Structure formats: C-alpha cells, structure tokens
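Some notes on the structure that comes next.
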Amino acid sequence: MANVVVVGSQWGDEGKGKIVDWLSERADVVVRFQGGHNAGHTLVVDGKVYKLSLLPSGVVRQGKLSIIGNGVVFDPHAFVAEVAKLKAQGVEVTPDRLKIAENTALILSLHRELDGFREDAASNSGTKIGTTRRGIGPAYEDKVGRRAVRVMDLADLETLPLKVDRLLTHHNALRRGLGHGEVTHDAIMAELTSVADEILPYMDRVWKILDDKRRAGERILFEGAQGTLLDIDHGTYPFVTSSNTVAGQAAAGSGVGPGAIGYVLGITKAYTTRVGEGPFPTEQKNEIGEFLGTRGHEFGVVTGRKRRCGWFDAVLVRQAVAVNGIKGIALTKLDVLDGLDEIKVCTGYRLDGEMIDYLPASQGAQARVEPVYETLEGWKGTTAGARSWNDLPAQAVKYVRYIEELIGAPVALLSTSPERDDTILVTDPFQD
C-alpha cells in the first residue's frame, strides 16, 4: 500500500479537485503541504458543490482526518470564513477532523496589503507577476526571513507582542518606501487576538500525527496546490508562486520523511491553460483558444480570472514527470476536445533555430521558444461520461496513447466529466 502525492503537472487548474476528492474517499488522511488560500478547487459530493481554497479536500467527507501542514501559509480570517461557509452547507469542521501544524506561518492583513501595493506598482512599470493579491508571497518572505508569526505564537501572549514589533519594523519600512502609511502594533495585535480562540483548538504536532498514522498503516493523501510550472525553483520564474509545488515538498511541508511517499500522481489536463502573466509556448489567441476556454469553463475558482488556453505541451509535462518523479498521470478534461477536426500536440521547441526537448530556465529563452507540433485527427464521437476504454472513440484512445508515449508516464486515471464517477481507473495509486 502506498501513500500518494497529487501534484499538478502544468500551470495549475488541471482538475485536481475532482481527482483528489475521488482519491480522498479511499484515503484515511488528507494533507495540504504548500500554498495558501490562493488556489481554489471545486468538489461535487452527493450533488452538492463545495468550493475550497485553504482547507484540504477531505473536510467534506465524514471519517477523514484533514491536515494543514507547516508548508502552508495560513490566513486565519480566510480559514474562519471558509469554515463558516461549509457550516452553512451542512459540513461541520471540528478539531477532531482537522489539524493545523503548530509551526505554520500566518498571513496577516499587512501581507495582503503589501501584495497589492507591489502589484499596483509593477502594473505601472510593466513587470506585473499577476498574483492573487492574497498575501501569499509576502507571508513566505517573512517565513524565510525568520520574522513570521506562526500558529503556535497565538498561544503565547507574553512573547507575541515582541514578535509583532519585529514584524512591523520590517513592514513599516517597506510601506514608507512604497508611499503608504504605517501599521500600528495595536491593530495587528487586535487582528491576531480576535481569531486566536477559533484557531488554537485545531493546533497540533502534525509531524507526530502523520508518523503515527503511517506506522498504523493508514492511507495518507498529500494534496498539492497550483502546478509544477508555478514552482518557485522549477517553474517559469519569476512568473511563479512563492512555494515549492513539486512532489518533494510533500515531505518538507508536512513533516514526514521522503520514504513515506510511495506514489506520485500528476494531474494533467488534455490541453494547456495558464492564469496570469508569463510564457506560454502553445497558447492559442484565436478561435481554438476561445473554444477551449468556453467548452472547458476556464475561469479561476478563487479570482474568476479568464484562463489562457492552448494545445497540449508534451515538453512541459515530460519535464514535470522527471522533476516530480511522477509514476502515473490522471488525464482530465479529455471531453473538452470532443468534436475538433484536428488536435495539435507540442512535441518539441525551436530555440534560435535549434531543436530542443526541454523548457529553458532563462526567462528570455522561455519567451523565444517556438512550439513544434504534431497534428492528430480529432474524433466525432463523445468521450463525455465514459467509464471504460470501450466507451471512447478510437481516435481519442490514440490521442491518450500518444500522450503517454511522449511524456514517458502511463495514464493511471482518465477523467471524462466533472462528475466524480465519470472516471476510468487503470491503476489505483494506493495499491502501487
């Protein structure tokens, strides 16, 4: 039996929500290990739609333990709001069903404000990253800068004021430099103490809980957010998120050893999308892009932003397979391609007249690569709702097999609609 890490193999929005929900029914524990409330996912359980951005997907299922690991940056006010929203939908998130790592760094209002100040300034200079303005990056900066306020600090009101002072020394200098007013000590203390009683009951030693669960033979699902190409090290820097999104982060971001991870599942969309700024070699700024966006309902769960759309890029996914150690992929949204006369797949790049089979690390080179396509015949039948290979048109099967060949990883799961049961299981990741 394997513990499973789920990661996005593209720029996020690959359909992880449905796959994680599908897997969470088989898991005993579901863990978030990086990111914050900037990455939304939609779950459909028993006909009810749940939209989550911070909480692990396991919270909507009875009998599952959900964990927010130390690799997450945690907005306490967003947490309280999301818990209240779920309660209104009939889901009680209680401390016996959810644990938050005691050493998790907090996102405060000053982080959100700084995020917005920088994006506004960057917009004027043409260097905008396209963040969600939710304070994710500034919170990670404070964590690395060793001045973050962490969950455990809410329980120690004697030392908390000193930590707030240290944080404000840094932030108020930044705010003055950006032409904004300072934040007062009392304002931040009030912000923290107002939510402390709602957060502290969930606080625990997550590393110990996970070690006990692992030794007891329970199934652990590690739920990644965003995608590989948004990784702070391995993504299209600087147009990335502020955390490591690759599978290796599951260990560091939760407190388990890497040996506890048995299977890495890469969620992979049958075409490619991206939100925000940055390079996108196969982007289609034409009727194909509009078709994919409309058919695929490509709008962000958190921001509502329209996603950029393009053909499947095997170069990027092949690189993601290598960087993550992906054993199998869950191919999603195949049904969006139904009805196209022809479908293109990027098999390589041309850079300054030479053929390459990887994405360069240089920002300048990333902007210059030209996709090299192979054109496949489309299919007239429908893949929507298919639950076995026999239900798929022959050309759709050919497309899937071609992708497997190009990326060097097999399809473990194939999703054919947003409904969780419309899934073709080839390999159960937990049985690896």
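Using N, Cα and C of the backbone, Cβ positions are placed for all residues, glycine too.
When R97, R295, R305 are compared with the IMP site residues D13, E14, G15, K16, N38, A39, G40, H41, T132, R146, Q226, T241 in Swiss-Prot, the one appearing in that site is R305. Under the three-state DSSP scheme, K306 (substrate binding site) falls in the strand class. Of all the binding-site residues given, namely T42, T132, the one with the smallest number of surrounding CB atoms inside 10 A is T42. Each of the recorded positions K18, H41, R307 was scored by the number of other CB atoms within 10 A of its CB, and the lowest score belongs to R307. Here the binding-site residues are G15, G40, G304, and the one whose Cβ sees the fewest other Cβ atoms within 10 Å is G304. Cα-Cα distance from T132 (IMP binding site) to T416 (GTP binding site): 29 Å (rounded to the nearest whole number).
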